[in-house]
Amino acid sequence: MKVLVNNHLVEREDATVDIEDRGYQFGDGVYEVVRLYNGKFFTYNEHIDRLYASAAKIDLVIPYSKEELRELLEKLVAENNINTGNVYLQVTRGVQNPRNHVIPDDFPLEGVLTAAAREVPRNERQFVEGGTAITEEDVRWLRCDIKSLNLLGNILAKNKAHQQNALEAILHRGEQVTECSASNVSIIKDGVLWTHAADNLILNGITRQVIIDVAKKNGIPVKEADFTLTDLREADEVFISSTTIEITPITHIDGVQVADGKRGPITAQLHQYFVEEITRACGELEFAK
């Protein structure tokens, strides 16, 4: 397996990170995950635009142009012969010696790019049968719009869900539902798609954006606004979405069944529209539903 370290492809076991890299010591960096279908990137530009936007919000300079970055990632995918999978890439602020919270202003740090590509098949069964979720207080910082390497709050919530045999943790600040530990959450109520507004309390998921777009194009009303735990529990349908899980229905929350406990009709429609978008961009999907 080859991975990318700056502009070099190296064997996985030969890849190294400096112990005084600010990403390693502070989580000082940003990242993205881009999906591949039939060996082709899906919503690549949207992901990379978000990467550069996240970097700009923390005054981090990515040491490659968008064109150079695409060329590097395409080489990474080709070298590993990825058909259906994910590319994980991150950029840290770089090495600072000696370690200091303060970013030096007397000399520029050189950002460090790393990336890996892996085959990750689509989970067709999960898209139909769905999964369960727990609710958990959202204790993360207030800049969730930045796709930062700082994910400890997400990790704790995700692992709590895992310990309870749940797929996800739906996060809330008091009564206000925000998103999940590693995905966005949406509800359907009276035929309306309802999801939290794209503000600082959530990451504006690329899949979320595609869902909103196809919903509007196909006459499904969309409401981007706060909703409560009560709204969540009384929803007709609940689903989560992300680059890797596409649109996955939630059938039970905190052990309580959502509606009839099955994927709802609008969730199914939205997933079909989503698959059509993938097909247009990347070609027909084998076994797609």
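Even glycines carry a Cβ here, placed using N, Cα and C.
The substrate binding site annotation in Swiss-Prot covers TYR31, ARG99, HIS101. In the three-state DSSP reading, TYR31 (substrate binding site) counts as strand.
Look at Swiss-Prot and you will find ARG50, GLU179 tagged as pyridoxal 5'-phosphate binding site, backed by similarity to another entry. With a 10 A radius on its CB, ARG50 (pyridoxal 5'-phosphate binding site) counts 21 other CB atoms from all the protein chains.
Long-range neighbours of LYS147 (N6-(pyridoxal phosphate)lysine) (same chain, six or more residues apart, CB within less than 8 Å of its CB): VAL30, TYR31, GLU32, ARG50, LEU51, SER54, LEU203. Among the features that Swiss-Prot reports, N6-(pyridoxal phosphate)lysine is placed at LYS147, with the record citing similarity to another entry.
Around the Cβ of ARG99 (substrate binding site), a 10 Å sphere holds 11 further Cβ atoms from the protein chains shown. Under a cutoff of 8 A between CB atoms, and with a sequence separation of 6+ in the same chain, the neighbours of HIS101 (substrate binding site) are PHE26. Counted over all residue pairs in TYR31, ARG99, HIS101, the record's binders of substrate, the longest Cα to Cα distance measures 22 angstrom. For GLU179 (pyridoxal 5'-phosphate binding site), the same-chain residues that are 6 or more apart in sequence and have a Cβ closer than 8 Å to its Cβ are CYS144, ILE170, LEU171, VAL185, HIS196, LEU201, ILE202, LEU203, GLY205. When secondary structure is read from DSSP and collapsed to three states, LYS147 (N6-(pyridoxal phosphate)lysine) falls in the coil class.
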